[in-house]
Amino acid sequence: MNLNSNETMFDSIKIINDNNYMVCYKTPPNIVSDGLWGGTENGRTPMKSFLPIFELQVLIIFVITQICRFFLKPLRLPLFISQMMAGIILHVCLLVEPLGTYTRKLFPYGTHATISTISSIGYILFIFTNGVQMDFSMITRMGKKVWTIAIIGLIVPLSIAFSTLALFHKQLREYIENYDDLYVVLVSHSTISFAVVASLLNELQIINSELGRLALSSALVSDVLCTVVTTIGTPIMMDPYSNSKVLIGKLLALLALLIFVPLVCRPTMFWIIKNTQEGRPVKDGYLYAIVLMVLALGWVSIKIDQQFVLGAFVMGLSVPEGPPLGSALVKKFEFFGNSFFLPIFITISMLKADFSMNHSSILVITTVFVIFATHFIKMISCFVPALFSNMPIRDALTLALILNCKGVVEIGLYYYLYDDQIIDGETYGIMMISIIIIASFVQWSVKVMYDPSRKYVGYQKRNIMSLRPNCELKILGCIHKPNHISSMIGMLNLCCPTTENPIIVEVLHLIELVGRALPLFVSHRFQRQEFGVNKSYSDKVILAFDLYEHDNPRAIVANTYTAISPTNLMYEDVCNLALDKVASIIILPFHQIWSIDGEVEDDDKNIRTLNFRVLEIAPCSVGILVNRASHRIIDSSTRLAMIYLGGQDDNEALCLAKRALMSGINLVVYHLVVEECVLDDCSGELLDDRAMLQDVKHAKNVWYQQIIAKEGSQTAGFLCDVVKKHDFFIVGRRHNINSAQTNGLTTWSEFPELGVIGDFLASPELRSHASILVVQQQLSPKSCTSHLF
């Protein structure tokens with residue numbers, strides 16, 4: 001290597017022989033320069049000072065990364081691949097003249113260690129926040145399917161690959177100088193990283209699906225097992241010739257570290273939570289103290305021959321997940337670590353790789369074959385147990401692909417293997433390229449193979465119309481906020497639960513996922529004591545419905561659940577539970593909450609997005625409850641009305657309204673027609689519509705009235721007249737159905753999820769206090785779309 005002093009941070013360089021140089025440099029080194037036109041006499045120029053050079057390097061890295069991201073984003077590739085491509089471009093610029101001359105001045109010899117050390121903080125914080133987001137306690141609650149997939153997917157590829165290498169040991173060692181690197185390649189490509197799987201599932205937005213949960217759980221088990229094995233094996237690998245006493249001493253020090261963190265650091269963090277007032281943020285001093293402890297544990301890890309990220313990972317696992325501490329740490333350091341330093345670390349890791357053409361062809365072919373064979377065997381090892389667990393072939397193959405993904409964790413792992421001279425530059429370069437290829441292939445393959453919406457398409461009837469007489473009604477009710485509890489109970493009262501017609505209600509309490517990576521789904525009938533996050537709020541939901549069940553023995557069965565998940569994926573929890581419990585209807589709260597005087601006091605756009613998604617792919621009927629009278633108890637004095645135009649949604653709504661008659665509530669059915677006619681002779685009505693109306697018209701407590709509405713304006717006038725005469729309206733959504741009665745009203749529709757009639761009744765201009773239930777009947781398979789918002 002020929003060194004030029006202008007391309008280094010040294011003052012002068014004297015060549016001694018081909019491999020040795022005598023260099024002169026200043027101590028202490030220049031940190032800050034004297035400016036663009038200064039420092040010529042004392043050497044404090046910008047290109048000889050560490051801080052200006054570091055700032056310029058960061059700027060160049062981010063500019064090239066953003067350019068790569070601009071071109072790669074249409075290909076739907078992960079962000080870290082753009083950061084790796086930036087490293088490859090910089091590496092090429094160093095080798096190709098005349099760019100090499102200028103690039104070496106921007107990345108002079110002597111600054112590589114500086115930028116690598118500083119950017120390593122990003123990787124430490126990434127591993128730490130990854131540990132914070134892991135729910136380690138879930139290991140004890142994993143099912144047999146998860147353990148089987150994780151263990152077989154880890155042991156089988158390792159066993160087969162190790163056996164193959166041992167079988168051809170003599171032949172390979174004869175032709176490959178760095179034969180031992182193949183074992184490192186084999187082990188590193190057999191592992192499954194929880195953080196990488198979580199990142200992939202988040203990017204594909206399937207983290208909350210059944211497949212996503214199974215993949216995360218399997219990755220968690222496998223990651224923990226790998227960490228235990230590699231942690232014990234690292235001291236042996238780092239110094240294989242040390243005596244047994246030294247080795248035992250290092251393992252005892254490791255054990256002391258693993259005992260100290262849970263027994264000292266974790267109780268301290270619980271003390272911090274206890275001393276943080278409810279609703280107030282954790283003090284910054286506590287957060288900085290935890291990060292200092294992370295760095296200190298990293299130093300301890302190095303002293304006992306472990307990777308310094310081990311201390312950060314163990315410390316992250318010890319942090320109580322969720323708010324206030326876990327979420328505060330993630331929010332505080334996510335930008336500083338994951339968005340600023342981590343991209344620099346990834347680019348510099350790629351810059352250090354050896355992409356020269358001087359590689360041994362046998363080494364390249366053998367290494368690539370080992371990587372391919374390991375992943376192929378791991379694919380089969382994950383696919384077969386999934387298939388025997390009654391998973392569809394397509395989903396089992398998708399799961400196997402997900403568990404074969406590589407990402408940021410492997411970049412850091414390979415970097416430190418190279419930095420510790422466990423693998424050489426050639427092997428390191430091949431392994432880094434393999435990350436790009438594998439990550440891209442998995443991302444594309446999973447997107448093509450897995451459609452998370454198709455599993456909700458219902459081929460059997462799951463609606464109220466299809467229920468047999470005196471059959472139990474299964475309802476899934478969703479709760480987001482305390483205001484929704486009373487309105488949901490009122491809705492159940494409207495459905496008139498009796499011992500002859502009981503109601504089984506599955507109450508799902510939805511909480512936004514903050515400060516953890518693994519979504520949580522808890523059945524409180526079986527896991528009351530295991531749930532810790534947002535416990536006080538969940539207890540209110542549990543208590544309210546337990547009392548409701550107690551007050552209605554044998555008429556109500558209430559099962560409560562809590563789902564913690566990202567807001568954009570909550571619909572997965574709702575649809576999964578509705579599918580599992582064979583619900584006939586899902587009741588969703590409207591996204592707006594009104595005060596007593598009729599003013600909107602809360603408008604949650606996340607709830608509205610959730611409602612849209614559930615309406616799109618729900619496996620059963622859906623009702624959106626617009627509650628404007630939380631103070632009013634629904635009983636026999638409730639003035640109930642049904643606006644009927646015809647169609648599946650209106651018939652479903654009418655079936656629900658009929659249940660209210662059993663509690664003595666008087667029902668008024670307003671049938672909007674274009675012209676007055678006898679019901680049997682109405683030319684515009686379908687046979688199903690006539691049968692439904694005839695059945696209701698002759699029922700007790702029902703007043704049937706035909707309303708002539710030839711156009712939308714007449715319908716609007718009629719609704720304005722009756723809106724204050726009733727306490728509760730039930731209407732069909734009638735989405736994308738055009739009729740003369742609603743012609744022109746869609747133009748002014750503000751909330752399409754409520755349909756034309758429901759939207760008009762919910763309009764604030766009417767100044768109404770009436771609640772509204774908008775019903776959409778179960779979509780047929782043909783009408784279901786696989787497109788997600």
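Each residue's number is its place along the chain shown, starting with 1.
Cβ coordinates are placed from backbone N, Cα and C, and glycine is handled just like the others.
Note: TrEMBL annotation is automatic and uncurated.
According to TrEMBL, the feature transmembrane segment maps to 50-72 (among others).
For 64-442, the entry in TrEMBL reads domain 'Cation/H+ exchanger transmembrane'.
As annotated by TrEMBL, transmembrane segment applies to 79-100 (among others).
The feature transmembrane segment is assigned by TrEMBL to 106-128 (among others). For the transmembrane segment (106-128), the residues of the chain that approach it from at least six positions outside its boundaries are 3, 7-10, 25, 47, 50, 53-54, 56-58, 60, 90, 94, 195, 291, 294-295, 298, 308-309, 312-313, 315-316, 329, 333, 336-338, 340-345, 348, 351-352, 408-409, 412, judged by C-beta separation under 8 angstroms.
Here the transmembrane segment (149-170) has long-range neighbours at 182-183, 186-187, 190-192, 214, 217-219, 221-222, 225-226, 370, 373-374, 377-378, 380-382, 384-386, 389, 399, 403, meaning same-chain residues at least 6 beyond its ends whose C-beta is under 8 angstroms from one of its own. Look at TrEMBL and you will find 149-170 (among others) tagged as transmembrane segment.
Feature annotation from TrEMBL assigns transmembrane segment to 182-202 (among others). Nonlocal intrachain contacts for the transmembrane segment (182-202), taken as residues 6+ away from its ends with a CB within less than 8 angstroms of a stretch CB, comprise 78, 126-127, 130, 133-134, 150, 153-154, 157-158, 161-162, 165, 172, 176, 212, 215-216, 218-220, 222-223, 226, 230, 366-367, 370-371, 374-375, 378, 402-403, 405-410, 413-414, 417, 422-423, 427, 431, 434, 442-443, 446, 517-518, 566.
Among the features that TrEMBL reports, transmembrane segment is placed at 214-236 (among others). Cβ atoms under 8 Å from those of the transmembrane segment (214-236) belong to residues 134, 136, 138-139, 142, 145-147, 149-151, 153-154, 187, 191-194, 196-198, 201, 207, 242, 247, 250-251, 254, 304-307, 310, 313, 382, 386, 399, 402-403, 517-519 of the same chain, restricted to positions at least 6 beyond its ends.
According to TrEMBL, the feature transmembrane segment maps to 248-273 (among others).
Under 8 Å from some Cβ of the transmembrane segment (285-302) lie the Cβ atoms of residues 124-125, 128, 257, 261, 265, 269, 272, 308-312, 314-316, 319, 325, 328-329, 332-333, all in the same chain and six or more residues away from its ends. TrEMBL lists 285-302 (among others) with the feature transmembrane segment.
If you look at the transmembrane segment (308-326), the same-chain residues 6 or more away from its ends with a CB under 8 A from one of its CBs are 123-125, 127-136, 227, 231, 257-258, 261-262, 265-266, 269-270, 272-273, 276, 280-282, 286, 290, 293-294, 296-302, 412, 416, 514-516, 532-534, 564. Taken from TrEMBL, the feature transmembrane segment applies to 308-326 (among others).
Taken from TrEMBL, the feature transmembrane segment applies to 333-351 (among others). Sequence-remote contacts of a segment are chain residues at least 6 beyond its ends whose Cβ falls under 8 Å from one of its Cβ atoms, and for the transmembrane segment (333-351) they are 58, 61-62, 64-65, 80, 83-88, 90-91, 94, 107, 112, 115-116, 118-126, 128-129, 287, 291, 408, 411-412, 414-415, 432.
Taken from TrEMBL, the feature transmembrane segment applies to 396-416 (among others). Beyond the transmembrane segment (396-416), the same-chain residues lying 6 or more positions past its ends with a Cβ under 8 Å from any Cβ of the stretch are 78, 80, 84, 123, 126-127, 130, 149, 153, 188-189, 192-193, 195-197, 199-201, 211, 214-215, 218-219, 222, 307, 309, 342, 345-346, 349-350, 352, 375, 378-380, 382-383, 386-387, 423, 428, 431-432, 434-435, 438-439, 442-443, 445-446, 449-450.
Annotation comment: TrEMBL describes 428-446 (among others) as transmembrane segment.
The annotation domain 'Cation/H(+) antiporter central' is assigned in TrEMBL to 504-629.
Residue counts for the domain 'Cation/H(+) antiporter central' (504-629) under DSSP, split into helix (H, G, I), strand (E, B) and coil, are 44 helix, 41 strand, 41 coil. Cβ atoms under 8 Å from those of the transmembrane segment (79-100) belong to residues 60-61, 64-66, 68-69, 72-73, 107, 343, 346-351, 353, 355-356, 407-408, 411, 432, 435-436, 439-440 of the same chain, restricted to positions at least 6 beyond its ends. Within the model, the domain 'Cation/H(+) antiporter central' (504-629) shows a mean pLDDT value of 82, rounded to a whole number.
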